[in-house]
Amino acid sequence: MSSGGLLLLLGLLTLWAELTPISGHDRPTFCNLAPESGRCRAHLRRIYYNLESNKCEVFFYGGCGGNDNNFSTWDECRHTCVGK
């Protein structure tokens with residue numbers, strides 16, 4: 001196979017991996033955690049994954065501490081945690 005063909009194949013495989021939905025078994029365990037505002041007192045609008053609704057939702061983060069179920073964008077939350 002030519003190098004151009006290999007690059008095309010690699011690109012297609014990468015695209016497929018990016019677009020493949022995450023099943024519940026492949027979801028990172030931190031997606032199962034409840035949102036934590038943390039110990040600081042800022043009032044930052046953030047996104048967390050809600051396991052019960054299988055949706056990303058808004059919560060307010062204090063700015064420090066908390067856990068990894070804390071995203072700055074909807075896309076980041078969906079890509080990481082939402083199973084279809």
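Cβ atoms here come from the backbone N, Cα and C positions, even for glycine.
For 1-24, the entry in Swiss-Prot reads signal peptide.
Within the same chain, residues at least six positions away from Cys31 (disulfide bond) with a Cβ under 8 Å of its Cβ are Tyr49, Leu51, Asn69, Thr80, Cys81. Taken residue by residue with DSSP, Cys31 (disulfide bond) is part of a helix. What Swiss-Prot lists as disulfide bond is Cys31-Cys81 (among others).
Annotation comment: Swiss-Prot describes 31-81 as domain 'BPTI/Kunitz inhibitor', evidence class sequence analysis.
Taking all protein chains in view, 11 other C-beta atoms sit within 10 angstroms of the C-beta of Cys64 (disulfide bond). Taken from Swiss-Prot, the feature disulfide bond applies to Cys40-Cys64 (among others), supported by sequence analysis.
Here Swiss-Prot flags Cys56-Cys77 (among others) as disulfide bond, drawing on sequence analysis. DSSP gives Cys77 (disulfide bond) a helix state. Other Cβ atoms within 10 Å of the Cβ of Cys77 (disulfide bond) number 22 in total over all chains.
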How big is the Cα-to-Cα gap, in Å, between Cys64 (disulfide bond) and Cys56 (disulfide bond)?
20
Listed in sequence order, residues with CB under 8 A of Cys40 (disulfide bond) and six or more positions away:
Gly62, Gly63, Cys64, Gly65
Does anything in the same chain, at least 6 positions from Cys56 (disulfide bond), have a Cβ under 8 Å from its Cβ, and if so what?
Ile47, Tyr48, Tyr49, Asn50, Phe71, Trp74, Cys77, Arg78, Cys81, Val82
